[in-house]
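S.K.: Next up is a structure, given as structure tokens.
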Amino acid sequence: MSYNLFLLAFVLGIGGTFQYGLQISIINSPAEYIKSFMREAWLKRYGSSPSEDIITLMWSFIVSIYTIGGLLGSMSVRYLSVRFGRKKSMLLANIPALLSAALMALSWLSGYFEMIIVGRLLAGICAGLGLNIHIMYAGECAPQKLRGVIAITASTAIAIGKFAGFALGLREVLGVEALWPVLMAANAVPALIQLLTLPFFPDSPRYLLIDKKDKEGCIKAVKQLWGDGDHMAEVDEMIAEQEAIRGERAKSVCDLVRDKSVRWQFITLFLVSSCMQLIGVNVVYFYAYNVFLKVGISPAQTHYVSLGVGITEILTTVLCGFLVDRAGRKALLWKSFTAMALALGLLTVTLILQDSFSWIPYCSAALIFIFITSFGLGPAGVLCPLPTEIFIQSYRPAAYAFNGASNWIQLFFLGLLFPFMVEGLGSFCFIIFLAYCLSMAIFVYLVVPETKGKTMLQIMEEFNRLNYRGKKGQAALQQNNCSLTTVTRL
């Protein structure tokens, strides 16, 4: 990996997926302080204290509107990334982050808690844009041998963002009542860092060549990012992909859903990546608090245990980066899904029996860390490069827009339904997520082709064997393969 490529991965991470991880964890610490501020503002404005139901409703709105902002940001990914390019779109994503920070920082001084709501909406838009554009930009900038590890830096940035949110929320840092506006405005720092540093890097070489038809700009970007070696084989592969697209415009999400030529790519994207919320990691985090209390950790110390969980996520995603281009995407995915299914099954049993034996809670705590480790080694890291690898350039922005929107919609509804699931099913709610993880392990093992060390066109040919079946499908496949072979030779 060249020095410039490593720096680009860092700059993209600090203003991209880091923001998503930061906003997920940073909201927990100042919750009571913000509720107290809303009571005071309501009393000054209306002359009477609000009921607890109103406070709960407004707090729920502050938390959930972040997902609505994320959905709006994800739906804008296709248009912005095609219209302005990956680099400019990434820079534009920092504008709502800075506006969000300003609104939330000034909310206490102005006495308007509504500014927090608008700020959270803007933070969600930033996260929705940054999460998808970052992964697409990083994947398109990496050479074939490093495509996996560069894309997985996005997952590491999410884990570091979560850890930073937990760390900043400690009482020893910014987790006190006087400093909660500063804590909520912390997302301005990574946004400013990216705005000042990203302009020194080029746009995605694939975007420059395939979308903008700027071969000289592409070669210049390749040399700046990869060094002065001979990279013409990689450039020729991009040219072959450009010829395979045959000048087609960037596809819409509707084209992605309807087009038979990417049918199994879409099915794989939807089942394995777009339904990522069904893995159950948020449910495991919910139960982790009670489990840690059972093993003797005091409520005041659980914040430090959260830091330990965050460090585990960071280390596993870094390890995944080392393994993904050695063990392969497919092996890491189906094995980690299997491990998570086993962990969820055993966790269901230990949570039921945790009051029966004194040693059972320790087993539950160990299973939680096993689940988090498996999640970091598998889906959290491996799914980052998946949309980049299984879709060619014309479908890629639509794939990221669909993937992002699906995840934000699921996150919103899971947040609404989760309390009722826990109340009605208890620890048996893990069975739903266990079934998904086990199904995905089987699906990945039987259906999804390995993408390690293959060009985009080679991966497309692998999926074409699934997309075109029967006599008519085989004839269309042969014709398509002939054109691809001719393009590759050219």
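Glycine is treated like the rest: Cβ placed from N, Cα and C.
Owing to the predicted nature of the structure, the values given are computational and were not obtained by experimental measurement.
These came from TrEMBL, pasted as-is:
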type: DOMAIN; residues: 9-452; note: domain 'Major facilitator superfamily (MFS) profile'
type: TRANSMEM; residues: 54-77; note: transmembrane segment
type: TRANSMEM; residues: 89-109; note: transmembrane segment
type: TRANSMEM; residues: 115-137; note: transmembrane segment
type: TRANSMEM; residues: 149-170; note: transmembrane segment
type: TRANSMEM; residues: 182-201; note: transmembrane segment
type: TRANSMEM; residues: 266-288; note: transmembrane segment
type: TRANSMEM; residues: 303-324; note: transmembrane segment
type: TRANSMEM; residues: 331-353; note: transmembrane segment
type: TRANSMEM; residues: 359-386; note: transmembrane segment
type: TRANSMEM; residues: 398-418; note: transmembrane segment
type: TRANSMEM; residues: 424-448; note: transmembrane segment
S.K.: Between 89-109, 115-137, 149-170, 331-353, 398-418, who has the most Cβ pairs under 8 Å to the transmembrane segment (54-77)?
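M.R.: Checked against 89-109, 115-137, 149-170, 331-353, 398-418; highest Cβ contact count belongs to 115-137.
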S.K.: Cβ under 8 Å, sequence separation of at least 6 from the ends of the transmembrane segment (331-353): give me the contacting residues as numbers and ranges.
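M.R.: Residues 272, 279-280, 284, 287, 291, 320, 323-324, 360-361, 363-364, 367-368, 370-371, 374-375, 377-379, 381-383, 426-428, 430-431, 433-434, 437-438, 440-442, 444-445, 448, 450 contact the transmembrane segment (331-353) from elsewhere in the chain.
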S.K.: How does the model score the domain 'Major facilitator superfamily (MFS) profile' (9-452) in terms of mean pLDDT?
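M.R.: On average, pLDDT over the domain 'Major facilitator superfamily (MFS) profile' (9-452) sits at 90.
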